[in-house]
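These notes are about the structure you will find just below.
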Ligand SMILES: Nc1ncnc2c1ncn2[C@@H]1O[C@H](COP(=O)(O)OP(=O)(O)OP(=O)(O)O)[C@@H](O)[C@H]1O
Ligand SMILES: [Mg+2]
């Protein structure tokens with residue numbers, strides 16, 4: 001990806017706009033945006049692994065859930081301060097993911113997707129029954145300590161985290177590791193034939209992805225204040241993450257962000273017209289249609305339109 | 001003289017099919033060896049075993065005197081052997097320069113993250129196999145078959161290996177392109193590179209090799225000077241279909 | 001003990017049935033078709049709608065479920081798999097989206113709460129001291145009838161053999177005069193029908209709920225992979241391993257751990273032996 005001046009200008013405007021937002025919109029919209037920011041972080045995390053290498057993870061809710069549950073259990077059951085529990089949550093997510101999912105990186109394609117899906121399902125069934133005194137069983141853990149007071153501060157925190165994660169991912173993907181991960185997605189044998197240990201590269205992508213997922217999951221848990229197995233280890237969570245990435249554009253940094261905001265706001269906009277479950281049905285259909293029309297997402301659609309526009313003018 | 005590659009009693013079975021049958025040969029450092037045989041003779045399978053992409057059923061493979069059978073492909077490449085593929089395997093969404101960059105990358109995460117790409121070397125490699133400056137930014141998905149072979153060759157060179165296994169580098173190339181690649185190979189030979197080459201284009205291969213070996217159904221038929229091997233009765237029978 | 005054996009046989013038969021339908025499509029494209037879960041779920045709901053809400057005869061409800069399942073399979077192939085040209089990642093993801101859409105469609109039509117299906121055949125019979133409902137017995141017998149019919153079809157008919165040929169080597173099959181497109185369509189339709197049939201039995205075994213599809217789809221994929229892709233016998237064996245494992249866990253340990261061990265087994269085997277227990281190594 002070549003940087004042009006207009007990229008910096010667009011990013012500058014975007015960041016300024018994000019930070020001015022609390023002046024412009026109401027509390028309700030702000031809460032929607034907070035959710036979009038966390039979804040964007042989950043989406044970036046998924047994209048670092050799956051969007052680049054083509055190893056589709058159906059298990060990201062599992063990673064996010066470990067982060068959330070670790071900080072929940074540490075703060076509520078053992079009285080840890082959040083300054084300690086969140087970093088620990090990140091480490092536990094990376095370690096937990098490593099033990100369970102890393103061996104799965106040796107296997108290919110659908111098998112990897114299946115194993116990650118099974119791991120998520122396993123957690124969904126396991127968390128409520130094992131040590132309910134810690135996990136709170138099906139009812140989960142409530143009254144997690146809040147990190148911020150009021151929607152505005154919660155918003156600044158979420159935006160700040162999202163931008164930090166995006167910047168980190170962007171810097172990383174600009175390096176040769178980013179190119180190599182992308183190359184794995186196109187032809188893994190050739191990467192190996194170029195003298196690189198693909199297992200090490202995939203593990204690295206996986207660890208970074210897990211770290212981001214754990215961190216975002218932990219912060220999200222404190223923002224929500226309550227965690228339950230259904231809210232984390234669920235196919236709908238997975239669906240929202242993957243759809244955000246694909247609708248935005250996999251393999252890019254802005255893509256997952258745009259996708260997350262687009263999907264979250266789409267859901268909000270539909271609310272007045274379709275108050276009930278229809279909303280999710282329509283939302284899913286729109287996602288499917290966009291995906292079938294352009295698997296590279298909104299980014300590619302916009303880019304295509306832009307080039308056509310410029311082509312028409314010159 | 002040190003041996004770049006020593007293959008001893010190599011056997012590879014796919015179920016009941018014997019693709020490599022007790023094959024032994026040597027490749028001296030700086031030497032260029034042609035490997036010939038009819039379709040399905042097992043040439044590519046030998047390459048895959050040397051690179052560790054397929055595990056041999058039995059037998060040994062030594063590179064510069066070191067047994068490499070237990071090493072991973074990446075480790076073998078780091079020790080100086082690399083190959084091209086008969087069917088090019090480019091990274092289709094990456095451009096020519098980035099494709100070569102992957103070959104140039106050191107196998108170390110730290111170096112990959114903190115070190116910068118060597119653009120001059122990328123360009124130099126691309127130009128040396130016959131790409132033009134305009135080609136450098138073209139994605140591999142837009143390249144012709146000939147260009148893909150050049151790219152494959154450049155990426156193999158980029159790994160820094162001194163022992164190169166070339167599988168059908170000339171297939172699909174125009175006469176001009178063949179001459180260009182041949183020139184690159186000659187130049188590398190003068191600089192001490194070692195080659196093991198497979199090609200069905202025998203006239204193009206002849207000036208590039210010191211020696212040849214012929215195999216059929218994984219079994220060694222003949223070895224020696226190129227002309228002698230081609231003149232061999234058994235080789236003529238199997239390969240050229242002349243009794 | 002007898003209870004475990006009988007219950008195990010019954011559940012295994014059910015799993016085998018669900019896995020069969022999945023195997024058909026998995027052996028063609030090797031893609032994780034999550035929409036298979038949608039056939040299972042929709043099959044259960046269509047049966048519920050026709051026979052319980054509209055009060056039609058049960059056989060009509062069952063036939064309707066199978067027909068809708070087959071239609072879904074067909075549409076899925078026409079509208080999604082073909083346009084995506086079999087790109088496995090894209091198919092995988094689009095099937096996830098589709099499964100979630102169908103899930104919300106079911107919530108939309110029938111509500112969020114889980115439903116109990118009335119038994120297909122009411123009554124209880126005592127076999128060797130073990131209580132077995134006619135319902136489960138019927139489900140198992142039907143499963144076996146369907147499995148055997150499928151086996152006979154794949155082995156014995158021209159279309160069935162063509163399906164096998166296409167699953168092994170699509171281009172090769174095309175050269176020898178089989179129209180892979182038509183065969184693929186047939187396969188997708190049969191698979192959809194089998195999924196829906198399995199869904200009816202599965203729902204009557206457990207319950208009907210919009211999220212009931214995730215576990216059976218994981219289990220059927222796993223049975224197929226662990227059993228060795230394309231091996232009907234392997235599929236049957238693994239279906240029994242998992243069925244008995246679950247019943248034993250329920251009887252000996254605790255009912256809520258039932259799925260846990262299945263998932264652990266699946267994860268373990270896939271990681272250790274991705275080619276499956278009975279499959280050949282693929283290159
Ligand atoms: N992975 C594999 N599994 C089973 N058989 C294989 C495999 N790879 C190669 N073979 C068989 O091994 C034999 C040797 O194949 P190989 O590709 O090495 O021949 P080749 O000499 O390179 O032929 P060509 O000139 O056509 O490239 C062939 O009969 C081939 O079908
Ligand atoms: Mg070959």
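Cβ atoms here come from the backbone N, Cα and C positions, even for glycine.
What TrEMBL records for this protein:
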- A:6-25: transmembrane segment (TRANSMEM)
- A:32-49: transmembrane segment (TRANSMEM)
- A:55-74: transmembrane segment (TRANSMEM)
- A:86-105: transmembrane segment (TRANSMEM)
- A:111-134: transmembrane segment (TRANSMEM)
- A:155-173: transmembrane segment (TRANSMEM)
- A:204-225: transmembrane segment (TRANSMEM)
- A:237-265: transmembrane segment (TRANSMEM)
- A:280-306: transmembrane segment (TRANSMEM)
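Scored by C-beta pairs under 8 angstroms, the transmembrane segment (A:155-173) has its highest count with A:32-49, from the stretches A:6-25, A:32-49, A:86-105, A:111-134, A:204-225.
Sequence-distant contacts of the transmembrane segment (A:111-134), counting only residues of its own chain at least 6 positions beyond either end whose CB sits under 8 Å from a CB of the stretch, comprise 55-62, 65, 69, 73, 77, 100-101, 104-105, 229-230, 233-235, 238. Listed by sequence, the residues of this chain that lie at least six past the ends of the transmembrane segment (A:204-225) yet keep a Cβ under 8 A from its Cβ atoms are 34, 38, 41-42, 44-46, 48-49, 52-53, 57, 60, 63-72, 82, 85-86, 89-94, 96-98, 101-102, 105, 142-148, 154, 157-158, 161, 165, 168-169, 172, 177, 181, 231-232. A contact between the transmembrane segment (A:237-265) and the transmembrane segment (A:86-105) is absent, since fewer than 3 of their C-beta pairs, 6 or more residues apart, lie under 8 Å. Beyond the ends of the transmembrane segment (A:280-306), by six or more residues, the same chain brings 239, 243, 245-250, 252, 254-255, 258-259, 262-263, 266-267, 270, 274 to within a C-beta distance below 8 angstroms of the stretch. With a threshold of 8 Å between CB atoms, the same-chain residues lying at least 6 positions outside the transmembrane segment (A:32-49) that come near it are 21, 25, 55, 57, 60, 63-64, 151, 154-155, 158-159, 161-162, 165-166, 169, 172-173, 181, 202, 205-206, 208-210, 212-213, 215-217, 219-220, 223, 240-242, 244-245, 248, 250-253, 255-257, 259-261, 263-265, 268.
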